[in-house]
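Below is one structure, written out as structure tokens, with a few remarks after it.
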Amino acid sequence: MWTSAQAPLFLFAGAPAYIYKDIGGVEYWVWFVAAHLLATAAISPFVGAISDFIGRRYVALAGSLCIMVGQVICGFAHNMDTFIGGMAMTGIGTGVNELTVIAGTSELVPISQRGYYLAAVTLTITPYIPSVMYAQLIASNSTWRFIAVLTSGSALIAFAMTFMFYSPPLPPVASHHSTMSEKMALVKRMDLFGGFLSISGLALLEIGILGGGYRHPWTDGIVLAPLVIGIVLIIIFLVWELRFAANPMIPKRFGKKPRTLLLTMVITFISGANFFSVLMIWPSEAYNVYGHDPIGVGIRGLPFAFGTLAGCLISLVLLSVLRGNIRWILLGSSVVMTAGCGGLAAARVDNIHTVYGILFVAGLGVGGIVVPASTVTTYICPSDLLATITSLTIAIRIVGGAVGYAVYFNLFVNQLKDDLPRFLAPACMRIGITNPEEIGQIIGMTAESLIDEIRSLRGMEDEAAYQSIVEAGQLAYTNAYPLVFYASIGFGAVSILASLFLEDVSEFVSDQVVADI
């Protein structure tokens, strides 16, 4: 379940240029990432409540089914709109399965051993560490559609294994409300209005951020309307949850250490922003700055992937070894994350070997927070709300990723919009291309990463002339990416500050098993 939930976004994010070359949508392909994240965030709070009410087994089966259906839609898509819809469906399944794995594992093992067991679960993603390389090799040697074959096949295996082998005991809430009428009554108590406010507000905010500056001016009503309405809806959501909701999405029983739980969620939000910024933006930098060789692009994605896995494992093991002394674990991870992500601003065409080390450090810090922070919340939340609180941490991480990615992508493309003409126009003139339309065509194709197609243009017959255009484009991209990673330092500073005020939770780390096995 864990690997099938992670694989679709990891793989498709590694080869976006191949996808929009085939089915179009170069202007808005970024929405297949945003739609996946928003769908995951939207479903997570409700899945937590439903699985607490009716149990994990059938919810997990539904999650794998959603991933399968979503990936089949993606594989057969002939336009970007359909592909985005498939990724949204996949995101629903991702939210379901990720929650089931974390909450389901946590309730079956002693509280003090959760770090060890979740570390073992995290290790199962190892085959997908070279996901960027897989995506590049599949897309360049056959068709990107075979990625969907791999991911839907993985989801099918997860569905079959869940059906045959996963029959966990009912959670406490479900066992105390055993009849169908009682369970349906509990499901009807879910805060659907709060869910509508939160996800619609977030979606409109994303539309405004992603469109502002480079597709439309910030003062344009097309940008301002969704931004303002999104912010208003989010404010209404907060007021609704705090004052009016009878059964709020955010439980009022926050557990034994409410301050630590809230701070952990802040840290989770920040880690989500930085995790998805590097996960989604670095592959494009590896492609646009350092060359388009599929194996080379794949190799450049490995240090961050290995660093993230190592950071997860180290922090999860330390959670069990130190039995709840969480402040120094999350503080150390936050410092490393901030230093690593910020350090990526130093990437240049000629220093890739240095960048490998920085990528590993960034992954080490991000990995030290992403899953471990969710584990910390399971220590201090009420046992009957284990899945509900876990789902909220997942939703907050994904929301952080969606907001962070939108902000970072907007910073990048607005800088790139200025840098491409500044670097490419003089390069075109040096090789004798002076027609504004031809220069604009070269700039547009470079912006869309269609470098090979530039060879067919007039004036590109000479290899030296073509290479000079490619190098000018690489310099433009090199100049545009640092702003993203400078911005990540601000996010990281908030995470460091929040970590300083975490409390010791060792008193709650016992050998108790929540589930009645």
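Placed from the backbone N, Cα and C atoms, the Cβ positions cover glycine too.
Any TrEMBL annotation is an automated prediction that lacks curation.
Per TrEMBL, the listed range annotated as transmembrane segment is 190-210 (candidates: 1-21, 190-210). Two recorded stretches are said to be in contact when at least 3 C-beta pairs lie under 8 angstroms, sequence spacing 6 or more; the transmembrane segment (261-282) and the transmembrane segment (328-347) meet this definition. Counting Cβ pairs under 8 Å that are 6 or more residues apart, the transmembrane segment (144-166) and the transmembrane segment (190-210) reach fewer than 3 and are not in contact. If you count C-beta pairs under 8 angstroms between the transmembrane segment (84-104) and each of 29-51, 116-138, 302-321, 328-347, 385-408, the highest count goes to 29-51. Using the rule of three or more Cβ pairs under 8 Å, pairs at least 6 apart in sequence, the transmembrane segment (116-138) is not in contact with the transmembrane segment (385-408).
Contact counts against the transmembrane segment (29-51), taken as Cβ pairs under 8 Å, peak for 385-408 among the stretches 190-210, 302-321, 328-347, 385-408.
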